[in-house]
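Okay, structure first, notes after.
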Amino acid sequence: MGSSIFLSMTSVLQRGCSKFRLLGKIAWRSFLLICIGIVIVNPNYCLGPLSWEKVRIPGVLQRLGGTYFVVAVLELLFAKPVPEMCTSERSCFSLLDITSSWPQWLFVLMLEGVWLALTFFLPVPGCPTGYLGPGGLGDWGKYPNCTGGAAGYIDRLLLGGHHLYQHPSSAVLYHTEVAYDPEGILGTINSIVMAFLGVQAGKILLYYKDQTKGILIRFAAWGCFLGFISVALTKASENEGFIPVNKNLWSISYVTTLSSFAFFILLVLYPVVDVKGLWTGTPFFYPGMNSILVYVGHEVFANYFPFRWRLGDSEAHKEHLVQNTVATALWVLIAYVLYKKKVFWKI
(Lines of atoms letter the chains of each structure in order from A; the text may use other names.)
(Lines give C-alpha, C1' and ligand atoms only; values in the text may rest on other atoms or scores of the structure.)
Protein backbone atom coordinates (compact mmCIF):
# COMPACT_ATOMS: atom_id res chain seq x y z
CA MET A 1 0.00 0.00 0.00
CA GLY A 2 2.65 2.49 1.03
CA SER A 3 4.76 1.99 -2.08
CA SER A 4 1.77 2.22 -4.41
CA ILE A 5 0.54 5.39 -2.66
CA PHE A 6 3.78 7.23 -3.41
CA LEU A 7 4.28 5.87 -6.92
CA SER A 8 0.71 6.50 -8.06
CA MET A 9 0.45 9.91 -6.36
CA THR A 10 3.68 11.09 -7.97
CA SER A 11 2.43 9.95 -11.38
CA VAL A 12 -0.96 11.64 -10.97
CA LEU A 13 0.55 14.94 -9.79
CA GLN A 14 3.03 14.92 -12.68
CA ARG A 15 0.08 14.64 -15.07
CA GLY A 16 -1.27 17.92 -13.71
CA CYS A 17 -3.97 16.77 -11.30
CA SER A 18 -4.60 19.34 -8.55
CA LYS A 19 -3.96 18.43 -4.94
CA PHE A 20 -7.53 19.37 -4.03
CA ARG A 21 -8.98 16.98 -6.61
CA LEU A 22 -6.60 14.23 -5.51
CA LEU A 23 -7.65 14.78 -1.89
CA GLY A 24 -11.25 14.14 -2.94
CA LYS A 25 -10.25 10.86 -4.60
CA ILE A 26 -8.33 9.79 -1.51
CA ALA A 27 -11.29 10.55 0.77
CA TRP A 28 -13.75 8.73 -1.51
CA ARG A 29 -11.55 5.64 -1.84
CA SER A 30 -11.09 5.48 1.95
CA PHE A 31 -14.82 5.87 2.49
CA LEU A 32 -15.59 3.03 0.07
CA LEU A 33 -13.10 0.69 1.73
CA ILE A 34 -14.60 1.36 5.15
CA CYS A 35 -18.18 0.92 3.87
CA ILE A 36 -17.34 -2.36 2.10
CA GLY A 37 -15.77 -3.61 5.31
CA ILE A 38 -18.73 -2.71 7.51
CA VAL A 39 -21.58 -3.59 5.15
CA ILE A 40 -20.30 -6.56 3.13
CA VAL A 41 -17.38 -8.13 4.97
CA ASN A 42 -18.79 -8.44 8.46
CA PRO A 43 -18.37 -11.65 10.51
CA ASN A 44 -21.49 -10.96 12.55
CA TYR A 45 -23.60 -12.08 9.58
CA CYS A 46 -22.94 -15.68 10.64
CA LEU A 47 -24.88 -14.93 13.83
CA GLY A 48 -28.01 -13.89 11.96
CA PRO A 49 -29.47 -10.62 10.64
CA LEU A 50 -27.46 -7.58 11.68
CA SER A 51 -28.64 -4.56 13.59
CA TRP A 52 -26.73 -1.37 14.27
CA GLU A 53 -26.53 -2.32 17.94
CA LYS A 54 -24.24 -5.27 17.16
CA VAL A 55 -22.55 -4.49 13.84
CA ARG A 56 -18.77 -4.80 13.95
CA ILE A 57 -17.19 -1.40 13.26
CA PRO A 58 -13.46 -2.27 12.99
CA GLY A 59 -12.20 -4.73 10.40
CA VAL A 60 -9.47 -5.41 7.86
CA LEU A 61 -10.83 -3.13 5.12
CA GLN A 62 -11.71 -0.47 7.69
CA ARG A 63 -8.10 -0.61 8.92
CA LEU A 64 -6.84 -0.38 5.35
CA GLY A 65 -9.16 2.54 4.59
CA GLY A 66 -8.08 4.52 7.64
CA THR A 67 -4.40 3.75 7.09
CA TYR A 68 -4.60 4.67 3.43
CA PHE A 69 -6.30 7.98 4.20
CA VAL A 70 -3.76 9.10 6.80
CA VAL A 71 -0.67 8.09 4.83
CA ALA A 72 -1.96 9.40 1.49
CA VAL A 73 -3.04 12.76 2.94
CA LEU A 74 0.28 13.08 4.76
CA GLU A 75 2.18 12.53 1.52
CA LEU A 76 -0.15 14.85 -0.39
CA LEU A 77 0.35 17.70 2.08
CA PHE A 78 4.13 17.55 1.79
CA ALA A 79 4.45 16.29 -1.77
CA LYS A 80 7.58 17.44 -3.59
CA PRO A 81 8.68 16.80 -7.16
CA VAL A 82 11.13 13.94 -7.53
CA PRO A 83 14.57 15.57 -7.99
CA GLU A 84 15.57 15.82 -11.64
CA MET A 85 19.34 15.50 -11.01
CA CYS A 86 21.00 12.52 -12.62
CA THR A 87 20.45 9.56 -10.33
CA SER A 88 23.76 7.98 -11.33
CA GLU A 89 25.59 10.88 -9.67
CA ARG A 90 24.03 10.23 -6.29
CA SER A 91 26.26 8.65 -3.72
CA CYS A 92 25.33 5.34 -2.16
CA PHE A 93 25.51 7.23 1.13
CA SER A 94 22.92 9.81 0.04
CA LEU A 95 19.92 10.15 2.36
CA LEU A 96 17.85 12.36 0.08
CA ASP A 97 14.93 9.92 0.16
CA ILE A 98 14.78 10.39 3.95
CA THR A 99 15.77 14.04 4.43
CA SER A 100 13.26 15.23 1.83
CA SER A 101 10.50 13.64 3.94
CA TRP A 102 11.43 14.98 7.36
CA PRO A 103 7.93 16.48 8.05
CA GLN A 104 6.30 13.11 7.35
CA TRP A 105 8.86 11.28 9.47
CA LEU A 106 8.30 13.71 12.33
CA PHE A 107 4.53 13.12 12.19
CA VAL A 108 4.91 9.33 12.04
CA LEU A 109 7.36 9.30 14.96
CA MET A 110 4.96 11.45 16.98
CA LEU A 111 2.17 8.98 16.20
CA GLU A 112 4.36 6.13 17.41
CA GLY A 113 5.03 8.11 20.58
CA VAL A 114 1.26 8.27 21.12
CA TRP A 115 1.02 4.48 20.71
CA LEU A 116 3.80 3.88 23.21
CA ALA A 117 2.35 6.35 25.73
CA LEU A 118 -1.18 4.93 25.56
CA THR A 119 -0.01 1.31 25.54
CA PHE A 120 2.31 1.55 28.51
CA PHE A 121 0.99 4.46 30.60
CA LEU A 122 -2.79 4.62 30.14
CA PRO A 123 -4.52 3.51 33.35
CA VAL A 124 -6.89 0.63 32.61
CA PRO A 125 -9.43 -0.15 35.37
CA GLY A 126 -8.70 -3.46 37.07
CA CYS A 127 -5.59 -4.12 34.99
CA PRO A 128 -1.87 -3.50 35.48
CA THR A 129 -0.60 -0.46 33.55
CA GLY A 130 1.19 -1.51 30.37
CA TYR A 131 -0.43 -4.96 30.26
CA LEU A 132 0.06 -6.73 26.90
CA GLY A 133 -1.40 -10.13 27.77
CA PRO A 134 -4.45 -12.05 26.58
CA GLY A 135 -6.48 -11.90 29.79
CA GLY A 136 -8.74 -14.85 30.49
CA LEU A 137 -6.72 -17.79 31.79
CA GLY A 138 -3.45 -16.09 30.85
CA ASP A 139 -1.14 -14.98 33.68
CA TRP A 140 -2.77 -17.65 35.87
CA GLY A 141 -6.17 -16.00 35.49
CA LYS A 142 -5.24 -12.90 37.48
CA TYR A 143 -6.48 -10.46 34.81
CA PRO A 144 -9.48 -12.16 33.13
CA ASN A 145 -11.02 -8.96 31.73
CA CYS A 146 -7.80 -7.29 30.59
CA THR A 147 -7.57 -8.77 27.09
CA GLY A 148 -5.41 -6.50 24.95
CA GLY A 149 -4.60 -4.09 27.75
CA ALA A 150 -4.96 -0.45 26.70
CA ALA A 151 -5.86 -1.39 23.09
CA GLY A 152 -8.87 -3.44 24.16
CA TYR A 153 -9.91 -0.87 26.77
CA ILE A 154 -9.87 2.02 24.28
CA ASP A 155 -11.98 0.06 21.75
CA ARG A 156 -14.53 -1.01 24.35
CA LEU A 157 -14.69 2.53 25.73
CA LEU A 158 -15.04 4.37 22.42
CA LEU A 159 -16.84 1.82 20.23
CA GLY A 160 -18.63 -0.39 22.75
CA GLY A 161 -18.13 -4.11 23.27
CA HIS A 162 -21.01 -5.08 20.94
CA HIS A 163 -19.32 -3.33 17.98
CA LEU A 164 -16.10 -5.36 18.27
CA TYR A 165 -15.05 -8.82 17.11
CA GLN A 166 -16.73 -11.25 19.49
CA HIS A 167 -14.54 -14.31 18.93
CA PRO A 168 -10.87 -13.26 19.09
CA SER A 169 -8.18 -15.92 18.75
CA SER A 170 -7.33 -15.47 22.44
CA ALA A 171 -10.69 -17.05 23.31
CA VAL A 172 -9.58 -20.41 21.91
CA LEU A 173 -6.56 -20.89 24.15
CA TYR A 174 -7.22 -18.56 27.06
CA HIS A 175 -11.04 -18.73 27.18
CA THR A 176 -11.42 -14.95 27.27
CA GLU A 177 -14.92 -13.58 27.65
CA VAL A 178 -14.53 -9.88 26.80
CA ALA A 179 -14.72 -8.69 23.19
CA TYR A 180 -11.44 -7.77 21.56
CA ASP A 181 -10.77 -6.55 18.02
CA PRO A 182 -7.39 -7.19 16.34
CA GLU A 183 -8.19 -4.34 13.90
CA GLY A 184 -8.95 -1.82 16.63
CA ILE A 185 -8.14 1.86 17.01
CA LEU A 186 -4.77 1.76 18.75
CA GLY A 187 -3.26 -0.82 16.42
CA THR A 188 -4.13 1.39 13.45
CA ILE A 189 -1.31 3.70 14.51
CA ASN A 190 1.23 0.98 13.87
CA SER A 191 -0.36 -0.02 10.58
CA ILE A 192 0.14 3.64 9.54
CA VAL A 193 3.80 3.33 10.52
CA MET A 194 4.11 0.17 8.44
CA ALA A 195 2.44 1.75 5.39
CA PHE A 196 4.76 4.74 5.69
CA LEU A 197 7.74 2.38 5.58
CA GLY A 198 6.23 1.22 2.29
CA VAL A 199 6.20 4.84 1.14
CA GLN A 200 9.91 4.90 1.93
CA ALA A 201 10.42 1.88 -0.33
CA GLY A 202 8.57 3.66 -3.12
CA LYS A 203 10.77 6.73 -2.72
CA ILE A 204 13.89 4.61 -2.95
CA LEU A 205 12.66 3.21 -6.27
CA LEU A 206 12.01 6.67 -7.76
CA TYR A 207 14.77 8.73 -6.18
CA TYR A 208 17.44 6.24 -7.28
CA LYS A 209 15.86 5.05 -10.50
CA ASP A 210 18.29 3.20 -12.80
CA GLN A 211 20.81 2.99 -9.93
CA THR A 212 20.36 -0.68 -9.08
CA LYS A 213 23.21 -0.86 -6.60
CA GLY A 214 21.92 2.13 -4.63
CA ILE A 215 18.41 0.68 -4.48
CA LEU A 216 19.63 -2.73 -3.30
CA ILE A 217 21.90 -1.19 -0.67
CA ARG A 218 18.98 0.79 0.76
CA PHE A 219 16.62 -2.20 0.77
CA ALA A 220 19.27 -4.24 2.59
CA ALA A 221 19.99 -1.40 5.04
CA TRP A 222 16.32 -0.94 5.91
CA GLY A 223 15.84 -4.69 6.29
CA CYS A 224 18.78 -4.95 8.69
CA PHE A 225 17.89 -1.80 10.62
CA LEU A 226 14.28 -2.87 11.22
CA GLY A 227 15.41 -6.40 12.03
CA PHE A 228 17.81 -5.09 14.68
CA ILE A 229 14.99 -3.06 16.22
CA SER A 230 12.88 -6.23 16.44
CA VAL A 231 15.73 -8.15 18.07
CA ALA A 232 16.21 -5.36 20.62
CA LEU A 233 12.51 -5.02 21.45
CA THR A 234 11.93 -8.76 21.80
CA LYS A 235 15.36 -9.64 23.25
CA ALA A 236 15.51 -12.18 20.40
CA SER A 237 12.77 -14.24 22.06
CA GLU A 238 9.45 -15.59 20.87
CA ASN A 239 7.14 -14.25 23.58
CA GLU A 240 9.34 -12.20 25.91
CA GLY A 241 11.24 -8.94 25.69
CA PHE A 242 10.20 -5.31 26.10
CA ILE A 243 7.57 -5.49 23.36
CA PRO A 244 6.86 -9.02 22.06
CA VAL A 245 5.81 -9.66 18.46
CA ASN A 246 2.00 -9.70 18.66
CA LYS A 247 -0.21 -9.63 15.59
CA ASN A 248 -3.44 -9.15 17.54
CA LEU A 249 -2.03 -5.99 19.14
CA TRP A 250 -0.13 -4.92 16.03
CA SER A 251 2.77 -4.20 18.36
CA ILE A 252 5.62 -2.08 17.00
CA SER A 253 7.92 -5.14 17.09
CA TYR A 254 5.39 -6.96 14.87
CA VAL A 255 5.55 -4.04 12.43
CA THR A 256 9.35 -3.83 12.38
CA THR A 257 9.61 -7.61 11.91
CA LEU A 258 7.17 -7.71 9.00
CA SER A 259 8.70 -4.62 7.43
CA SER A 260 12.18 -6.10 7.75
CA PHE A 261 11.04 -9.20 5.85
CA ALA A 262 9.28 -6.98 3.30
CA PHE A 263 12.48 -5.07 2.50
CA PHE A 264 14.45 -8.30 2.18
CA ILE A 265 11.79 -9.69 -0.17
CA LEU A 266 12.10 -6.50 -2.26
CA LEU A 267 15.86 -6.98 -2.18
CA VAL A 268 15.38 -10.37 -3.86
CA LEU A 269 12.48 -9.54 -6.19
CA TYR A 270 13.69 -6.19 -7.55
CA PRO A 271 16.70 -7.55 -9.48
CA VAL A 272 14.79 -10.68 -10.54
CA VAL A 273 11.63 -8.92 -11.77
CA ASP A 274 12.49 -5.29 -12.54
CA VAL A 275 16.18 -5.46 -13.52
CA LYS A 276 16.70 -8.86 -15.16
CA GLY A 277 13.11 -9.58 -16.15
CA LEU A 278 13.48 -13.24 -15.16
CA TRP A 279 9.96 -13.44 -13.69
CA THR A 280 6.78 -11.50 -14.38
CA GLY A 281 5.14 -12.17 -11.02
CA THR A 282 2.80 -14.82 -12.41
CA PRO A 283 0.51 -16.14 -10.95
CA PHE A 284 0.43 -13.58 -8.11
CA PHE A 285 0.10 -10.81 -10.68
CA TYR A 286 -3.53 -11.71 -11.45
CA PRO A 287 -4.99 -11.50 -7.91
CA GLY A 288 -3.01 -8.30 -7.46
CA MET A 289 -4.87 -6.73 -10.37
CA ASN A 290 -8.21 -7.47 -8.67
CA SER A 291 -7.21 -7.51 -5.02
CA ILE A 292 -10.39 -5.98 -3.57
CA LEU A 293 -12.68 -8.24 -5.58
CA VAL A 294 -10.69 -11.35 -4.61
CA TYR A 295 -10.62 -10.36 -0.94
CA VAL A 296 -14.33 -9.57 -0.75
CA GLY A 297 -15.19 -12.69 -2.74
CA HIS A 298 -13.14 -14.83 -0.38
CA GLU A 299 -14.75 -13.29 2.70
CA VAL A 300 -18.28 -13.73 1.34
CA PHE A 301 -17.89 -17.26 -0.08
CA ALA A 302 -15.29 -18.68 2.33
CA ASN A 303 -17.77 -21.13 3.86
CA TYR A 304 -19.25 -22.31 0.54
CA PHE A 305 -18.25 -25.32 -1.56
CA PRO A 306 -15.80 -25.68 -3.35
CA PHE A 307 -13.81 -23.28 -1.19
CA ARG A 308 -14.64 -25.23 1.95
CA TRP A 309 -16.04 -28.69 2.62
CA ARG A 310 -16.64 -30.97 5.59
CA LEU A 311 -13.38 -32.37 6.84
CA GLY A 312 -12.93 -35.95 7.96
CA ASP A 313 -10.81 -34.73 10.87
CA SER A 314 -11.30 -31.06 11.71
CA GLU A 315 -8.18 -31.16 13.90
CA ALA A 316 -5.90 -32.46 11.15
CA HIS A 317 -3.46 -29.84 9.90
CA LYS A 318 -2.99 -31.72 6.60
CA GLU A 319 -6.69 -31.54 5.71
CA HIS A 320 -6.85 -27.82 6.47
CA LEU A 321 -3.73 -27.27 4.37
CA VAL A 322 -5.22 -29.09 1.39
CA GLN A 323 -8.51 -27.21 1.71
CA ASN A 324 -6.84 -23.80 1.94
CA THR A 325 -4.48 -24.59 -0.94
CA VAL A 326 -7.42 -25.55 -3.16
CA ALA A 327 -9.35 -22.41 -2.17
CA THR A 328 -6.33 -20.18 -2.89
CA ALA A 329 -5.73 -21.85 -6.26
CA LEU A 330 -9.38 -21.35 -7.20
CA TRP A 331 -9.23 -17.62 -6.43
CA VAL A 332 -6.03 -17.28 -8.45
CA LEU A 333 -7.83 -19.04 -11.33
CA ILE A 334 -10.85 -16.75 -10.96
CA ALA A 335 -8.55 -13.71 -10.96
CA TYR A 336 -6.85 -15.01 -14.10
CA VAL A 337 -10.18 -15.45 -15.93
CA LEU A 338 -11.28 -11.95 -14.89
CA TYR A 339 -7.95 -10.54 -16.08
CA LYS A 340 -8.35 -12.19 -19.50
CA LYS A 341 -11.89 -10.83 -19.76
CA LYS A 342 -10.63 -7.38 -18.67
CA VAL A 343 -12.97 -7.31 -15.68
CA PHE A 344 -11.52 -5.22 -12.85
CA TRP A 345 -13.12 -3.86 -9.70
CA LYS A 346 -11.47 -0.60 -8.78
CA ILE A 347 -12.43 1.91 -6.10
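Positions of Cβ are set from backbone N, Cα and C atoms, glycine also.
As annotated by TrEMBL, transmembrane segment applies to 26-45 (among others).
Long-range neighbours of the transmembrane segment (104-124) within the same chain, counting only residues 6 or more positions beyond its ends whose Cβ lies under 8 Å from a Cβ of the stretch, are 74-75, 78, 98, 130-132, 146, 149-151, 153-154, 186, 189-190, 192-193, 196, 199, 252. According to TrEMBL, the transmembrane segment annotation covers 104-124 (among others).
Sequence-distant neighbours of the transmembrane segment (185-208) (same chain, 6+ residues past either end, Cβ-Cβ under 8 Å): 1-7, 10, 58, 63, 66-68, 70-71, 74-75, 82-83, 87, 90, 96-98, 100-101, 104, 108, 111-112, 114-115, 118-119, 150-151, 154-155, 158-159, 214-215, 218-219, 222, 226, 249-252, 254-255, 258-259, 262-263, 266, 270. The transmembrane segment feature in TrEMBL is assigned to 185-208 (among others).
Feature annotation from TrEMBL assigns transmembrane segment to 215-233 (among others).
Per TrEMBL, transmembrane segment is recorded for 253-272 (among others).
Sequence annotations record features per position, and here TrEMBL assigns transmembrane segment to 284-301 (among others).
Per TrEMBL, transmembrane segment is recorded for 321-339 (among others).
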*asked:* Cβ pairs under 8 Å only, please: of the recorded stretches 26-45, 215-233, 284-301, 321-339, which one is richest in them relative to the transmembrane segment (253-272)?
replied: 215-233
*Which bits of the chain, at least 6 residues beyond where the transmembrane segment (26-45) starts or stops, bring a Cβ under 8 A of a Cβ in it?*
54-57, 59-62, 64-66, 68-69, 72-73, 76, 165-167, 292, 295-296, 299-300, 347
